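Structure first, commentary second.
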Amino acid sequence: MKTQGGSSDAKRRAGESAANLVVDGMVVGLGTGSTAAHAIDALGEAVDAGLDVRGIATSYQSRRRALEAGIPLTTLDAVDRVDVAIDGADQVADRHLLKGGGAAHAREKVVDGVADRFVVVVDSSKTVETLSRPVPLAVLPDAEPVVERAVEDVGGDPELRTATAKDGPVVTDDGNLVLDCSFGPIEDPAGLASTLSSLPGVVEHGLFVGMVDEIHVGTDGDVTVERFD
Ligand SMILES: O=C[C@H](O)[C@H](O)[C@H](O)COP(=O)(O)O
């Protein structure tokens, strides 16, 4: 599944705005995707200028980006806490997100969920009244047919995500397959999240319900920040 695209300028504004929250000594969760990449680049520049931080990557892509940017990396087992996580989203409705357009949502949910402050960076094309994009499920490969049937039983329309640069399915960084499951407008994100979590074979779904502390929304000329505390 492709992520939706706002302008790169708007994404950069959001990413840079969130990176400004980071201060000396912090452990920072580094999200995945084209918007979080701008935050990683901005943090890299701050590190260059003397900022002392350590990053925790949420994917192969964010690890590579952080290494290129010169951000020292650590892992969850080496730290007591994650001060802030900065991550993108495919859709935002109030405090609820759909993530996983880059198939990284399982690791992202762990890092974003454990962070003291979870900051989302998006361009304004991502904000909606009601979440409606397909919900990505990371699925154990052997369980894929079972999960497909279970998703249909709960009213969804699952589609195996396929790769563009290889024959066959997308395989996540952790070796799982991805089912993009359409449910139409999602009026009850918490209810659907709980249903999807209960399906055997589902490693993680892309609904992030009520986890967000702060959202930075970039436009071509500005950035707005919404805080939930
Ligand atoms: O799996 C990928 C992530 O959840 C991304 O954070 C999400 O897809 C947003 O990516 P982008 O900023 O490129 O639209």
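Any Cβ shown, glycine's included, is placed from N, Cα and C.
Any TrEMBL annotation is an automated prediction that lacks curation.
Computed from a predicted structure; not experimentally measured.
Note on Ala89 (substrate binding site): other Cβ atoms within 10 Å of its Cβ, all shown chains, come to 30. Mapped onto three states, the DSSP output places Ala89 (substrate binding site) in coil. Per TrEMBL, the feature substrate binding site maps to Thr32, Gly33, Ser34, Thr35, Asp87, Gly88, Ala89, Asp90, Lys99, Gly100, Gly101, Gly102, Lys126.
Positions annotated as active site, proton acceptor by TrEMBL: Glu108. Taking Cβ-Cβ distances under 8 Å and a sequence gap of 6 or more within the same chain, the neighbours of Glu108 (active site, proton acceptor) are Gly31, Thr32, Thr58, Ser59, Asp87, Lys99, Gly100.
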Across all chains shown, how many C-beta atoms besides its own are within 10 angstroms of the C-beta of Thr32 (substrate binding site)?
29
Give the subset of the binding-site residues Thr32, Ser34, Lys99, Gly101, Lys126 lying near ligand 1, defined as CB under 6 A from any of its atoms.
Thr32, Ser34, Lys99, Gly101
Determine the Cβ neighbour count for Gly101 (substrate binding site): the number of other Cβ atoms within 10 Å of its Cβ.
25
Structural state of Thr32 (substrate binding site), classified by DSSP into three states:
coil
